[in-house]
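Annotated features in Swiss-Prot:
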SIGNAL    1-27  signal peptide
BINDING   Ser65, Lys66, His138, Thr139, Tyr256  substrate binding site
Amino acid sequence: MKTSHLIRIALPGALAAALLASQVSQAADLVPPPGYYAAVGERKGNAGSCPAVPPPYTGSLVFTSKYEGSDSARATLNVKAEKTFRSQIKDITDMERGATKLVTQYMRSGRDGDLACALNWMSTWARAGALQSDDFNHTGKSMRKWALGSLSGAYMRLKFSSSRPLAAHAEQSREIEDWFARLGTQVVRDWSGLPLKKINNHSYWAAWSVMSTAVVTNRRDLFDWAVSEFKVAANQVDEQGFLPNELKRRQRALAYHNYALPPLAMIAAFAQVNGVDLRQENHGALQRLAERVMKGVDDEETFEEKTGEDQDMTDLKVDNKYAWLEPYCALYRCEPKMLEAKKDREPFNSFRLGGEVTRVFSREGGS
């Protein structure tokens, strides 16, 4: 009887402790992996002139698909359509690449002019309400989430640097972060509620942009959405490590499996440092996918058997396409062969992941 009484007393106490721990976890500020706290480099010389800000894109996000006219596999580029597409999105991609480059320059050089220039670029677009149009198609909403991931990922290095470079720029920081929050909320609307047959690498990249925005703006709701999208993705990975919706890309199936990995590895790495371990989701789906891709890079025969097509290896010859190896090997004890593949291709720099991926995932905290 005494034991039973003690159990009745202990259980509510344990439950209360668990609830309190949960509340503390929920209240904790969101953080990036340790490398994002790296100090700004020692000042080297004077900054050059600040390039002109690309005109803020405030128009309709209805763009031509570079696969226009292709069959359901969406694997054959339409050269004429691609040229039109590149012309339509030039200001957006100039912004992504240019702002990321300016942040990288500042983190390396410590020149105040580079910081002022980067913040001017971003705050100009923020004040204009760029990329917020409600008039969009699939290609347009894809550009919105890619740009958000690029810009918020680069800005994150400024936000969390131990040098506190944003301390003297509170107003611009607020404008930029409010803009990111608006875009993040829109990206969630854009990519929520899709049927499983429509959820592919685009949704994964949307989830990465929302995860990056969540950490920059300390928005737990955005963080939770990104984690939930990761879980959907993980449960699309089959027992052999294939993504059925990417196998539909036929001759580009292997390339698209590889393209799915950067956002998923980044989300998992960011979730991990915020107390959410996604490595075992669907019995280690991320690891199965990564290993399947690297085996395919060595020998594409399995992908050829699955798709009935010779694989287009063009993208897979570009080192930066493997930038996912940095967050991935921060999560897992990578086998020697994978570590060698990573080392051979480093340093990784991907503007869609915010710039210097190798630097922010280095053991030395970015040095």
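Cβ from N, Cα, C; glycine included.
What you see is a predicted model, and the numbers here were worked out from it, not measured in a lab.
Locations of recorded Swiss-Prot features on the structure.
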residue	record	contacts (Cβ under 8 Å, 6+ apart)
Ser65	substrate binding site	Asn78, Ala81, Phe85, His138, Thr139
Lys66	substrate binding site	Leu77, Asn78, Ala81, Glu82, Phe85, Arg86
Tyr256	substrate binding site	Asn200, Asn201, Leu243, Glu246, Arg249
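According to its DSSP assignment, Ser65 (substrate binding site) is coil. Annotation for the binding-site residues His138, Thr139: lowest Cβ count within 10 Å of the residue's own Cβ, His138. Once the Cα atoms of Ser65, Lys66, His138, Thr139, Tyr256, the listed binders of substrate, are compared pairwise, the greatest separation found is 18 Å.
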